[in-house]
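Quick look at what Swiss-Prot annotates:
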- 1-87: region 'Domain I, interacts with DnaA modulators' (REGION)
- 81-123: region 'Disordered' (REGION)
- 88-127: region 'Domain II' (REGION)
- 88-100: compositional bias 'Low complexity' (COMPBIAS)
- 128-345: region 'Domain III, AAA+ region' (REGION)
- G173, G175, K176, T177: ATP binding site (BINDING)
- 346-465: region 'Domain IV, binds dsDNA' (REGION)
Amino acid sequence: MLWTDCLTRLRQELSDNVFAMWIRPLVAEEVEGILRLYAPNPYWTRYIQENHLELISILAEQLSEGRVRQVEILVDSRPGSILSSSEQPATTTAALQTAPIPQPAKGKREPEPVANTAVSSKSSKKKLLNPQFTFSLFVEGRSNQMAAETCRKVLTQLGASQHNPLFLYGPTGLGKTHLMQAVGNALLQAKPNARVMYMTSESFVQDFVSSLQKGKVEEFKKNCRSLDLLLVDDIHLLAGKEASLVEFFYTFNALLDESKQIILTSDRYPKELTELDPRLVSRFSWGLSVGVEPPDIETRIEILLKKAENSGVDLPRNCALFIAQQVVANVRELEGALNKVVAISRFKGAPIDLDVVRESLKDVLAIRARTISVENIQRVVSEYFRIPLKELVGPKRTRIYARPRQLAMGLARELTGDSFPEIGMAFGGRDHSTVMHACEKVVSLREEDPIFDEDYKNLLRLLQS
């Protein structure tokens, strides 16, 4: 049979995922020199037309020795010929290799009438908003202040072009999801009938593929495109899921065309998402991109104290300081460390003090002792500024050495558990008041001097990587 021969050749030409998901389920019949292929829905036919119909036409003409000179792809509406569930695609990671990126419509469309209710998912794959993720429970600091202020502004100007889409980026565990969902929770509190949907990239892919398998693509589109606010977490994880990316951008363009707000998060700045098509990345930059940095030590302390207060836990400030000095990577690890301290405290039936904290974090302390030390910080700072190590710790007070020295002392205070006197000894035997002054100077310089602040952040990333 001609179609069987075509399938054999297509299997060789296409990836396993594309063949299994899009080609194998097609039903074929030959009528008067025309090979008709039947797909389960319009989306499927459009995909085949845009990506594989030319190849199929060439193969059909060759393998039929000229008998077939035309190939058509149609929606299968023939009685009794609906594809069985066993013939539906099973993979969730098909590659839509060359599908063109949809352009936003030039004119406004009349929005479809929708129910006056907030969108919630019956699917276990799609997450509902976390009621704890509110602005009042979000601890602000220098590292996240701009992101928090921008999210509040979005609420007052929902869908405004200058911040639509809003793209929050930064390493994992820094509160991007909290801020994103805080917008959703605040909108629903102000407008209970608003249609808000939060989903991860994974849940978008799973729900989209499921809609394909069940022939419910139109329902999926309607659910996604009738929103007031769409929140999508970890958008970078759509890389390699090209079929889902194409559908996402139809949704993206439809929502922007109606001035509906979109908020996305990623672990990288949009232009660093090199694994995505540049045309897709450019769309992420249409609105506003805001970075979220790892919290500084003051913010980490406040996060711990607020978390403890909300949980009814008595956490002394000196214990919060100690935890904040040891756990520097992200908020998630910080909260995990606090949970461990609380668990050990309750198990021992003892109040939280430094002994309980040290016992709880002994694994963390052991790892940090092997990785970040004052000596390590000195080496990295001297290499970064290209100055001799002996001058960094030496007595010279010229600016070329004094600024890096102050910066190194500030990093040592933030990243190690060493006391002021211990840090002073490591810097040529300086006394504790000199180290205290250096740390205070670092705080003020970071606020006054953007270049100094950028150097501090760069070194922090180097030391934590």
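Including glycine, each Cβ sits where the backbone N, Cα and C put it.
DSSP assignment over the region 'Domain IV, binds dsDNA' (346-465) gives 92 helix, 0 strand, 28 coil. On the 0 to 100 pLDDT scale, the region 'Domain IV, binds dsDNA' (346-465) averages 86 in this prediction. Here the binding-site residues are G173, G175; the one with the fewest Cβ atoms within 10 Å of its Cβ is G173.
Using a 10 Å radius centred on the Cβ of K176 (ATP binding site) and all shown protein chains, the other Cβ atoms total 27.
Long-range neighbours of T177 (ATP binding site) (same chain, six or more residues apart, CB within less than 8 Å of its CB): F133, D233, T265.
In the three-state DSSP classification, K176 (ATP binding site) falls within a helix.
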